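Annotated transmembrane segment per TrEMBL: 12-34, 46-68, 88-112, 133-156, 176-195, 241-262, 268-284, 296-321, 341-367, 431-450, in sequence order. TrEMBL lists 140-450 with the feature domain 'Na+/H+ antiporter NhaC-like C-terminal'.
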Amino acid sequence: AVGLAFITRDAIISLLIACFVGILMMGEGIAGFPPFLVRALGNEDFIWICLIEFCIGILVAFLQRSGAITMFTERAGTWVKNRRQVSLLGWGLGVTIFFSDYFTPLFVGPVMRDITDKFRISREKLAYICDSTAAPLLSIIPITSWAVYMGGLAVGTAGIVDRDMAMAVFLKSIPYNFYGLLTIMMVGLIAVRFIPEFGPMKKAEERAYREGKVLRDGAVPMMGKELTDLMPADASKTNPFLNFFLPVIIIVTINIGTFITLGTAKVLESYMLAAAVLGIVLWLQRVDPLSGLMKAVLAGVKGVMPAVMILALAYCINLLSKEMMTAQYVVGATEQWLTPGLLPLMTFFLSAFISFATGTSWGTYAIMIPIALPLAYQFSGETFSSVVLGTFAAVGGGGVFGDHCSPLSDTTVLASLGSASDHIDHVRTQLPYALSVAAVVSILYLIIGFA
């Protein structure tokens, strides 16, 4: 699937072919395709993320019709004066909103897109900023659901007897999560141009700056033209507070409030309420009649359908990997190489490979933590040495690598959706940056292992 996607630059066709071949390899034949789709897509997780995308599409459509996004772009043009400041603003928004890897790209992307277009910053660059300030940041913050999840998996392994002890180990491992730390730093350094652009991203930025093309010719943005080309109904009725800041306040308040009180951000509920409130406000303002609002709703749903299609096929690939036990095979084939000196490095490699192939970091954690952590604890004489902390962090960072840059990852898809970027172009331009960080991380884990 990944190879075909890079060759054809068509994510949907590539994933569809991979699903078909995988089902045939499992011996189910063509008749096995419909029941397999039911198993892969008929679950709460997929329905939940589809509803989020539909609500995002509807909210963006309402924002477009209200003229709020155009207004915000004009106002922001008085705050930022050049491409460097725009990139830095996007990075700042991303690192400020850290409570959900789904919320970050779906908030930063739509808010920043018109501004980055105005300053001729490529959609690929915006997608990179959105993606790189999501999962990498959450993996190093102890007050997120990621920390709770990883800590929960560690309980009962490596002498960790309860969640409090697991969280203490997680806290100590944060300085060793080199991938998360260096990725966040790299985005900021690229934003201020301390690190120059390179690889496909450099070409994308040159195209955007010199030709004014924020997307390459032939690109298929994850947000359809039904949504991105939706024009304001009556810009003279645009109210900055009611049409822009009120929906943002609703989204941020619900996410932060539920994260603090419940331990998890209610992303779907926040976008659903914000879209409903903004729709009512537009009707009361007489910006659009009910028929116009319904057309905007349909435009919003149509606009996110490319992302829904890719997510559906990615979920199918993920289920295929589970049923064919791909991750278990990889771990079993390499377990004999897990020596004390190489353990942190090999753990990072294995976690990165599994997460890239399956598109899920949390699934990778569930496989790797019960295997790698007890080994590190045993190699360290049953003490929480730097090898144990480095191995724990290597699982976290390696899992983020795949979640960060695999075309099968839901958060990568959401970054493409939020920025309205071509999905494969986003992956192609981001991958060299991720691999550069991974190369530095590999050296650091090798040093830790043998030190």
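Just so you know, glycine gets a Cβ as well, placed from its N, Cα and C.
Same-chain residues lying 6 or more positions outside the transmembrane segment (176-195) and placing a CB less than 8 Å from one of its CB atoms are 84, 87-88, 90-91, 94-95, 128-129, 132-133, 136-137, 139-140, 344, 348, 386, 389-390, 392-394, 396-398, 400-401, 404, 433-434, 436-438, 440-441, 444-445, 448.
Long-range contacts of the transmembrane segment (133-156) within the same chain, counting only residues at least 6 positions beyond its ends with a Cβ under 8 Å from a Cβ of the stretch, are 91, 93-95, 98-102, 104-105, 108, 162-163, 165-167, 169-171, 174, 177, 179-181, 183-184, 187, 263-265, 361-362, 365-366, 369-370, 373, 392, 395-397, 399-400, 403-404, 411, 415. The transmembrane segment (46-68) makes contact with the transmembrane segment (268-284): 3 or more of their CB pairs lie within 8 A, with pairs spaced 6 or more apart in sequence. Put simply, of 12-34, 241-262, 268-284, 431-450, the stretch with the most CB pairs closer than 8 A to the transmembrane segment (341-367) is 431-450. Residues of the same chain lying 6 or more positions beyond the ends of the transmembrane segment (88-112) and with a Cβ under 8 Å from any Cβ of it are 49, 52, 56, 60, 63, 69, 72, 76, 79-80, 126-127, 129-135, 137-138, 141, 144, 146, 184, 187-188, 191-192, 248, 251-252, 255-256, 259, 265, 267, 270-271, 403, 410-411, 414-415, 417-420. If one looks beyond the transmembrane segment (241-262) by at least 6 residues along the same chain, the residues whose Cβ comes under 8 Å of a Cβ in the stretch are 59, 62-63, 66-69, 71-72, 97, 99-100, 103, 107, 111, 269-271, 273-275, 277-278, 281-282, 285.
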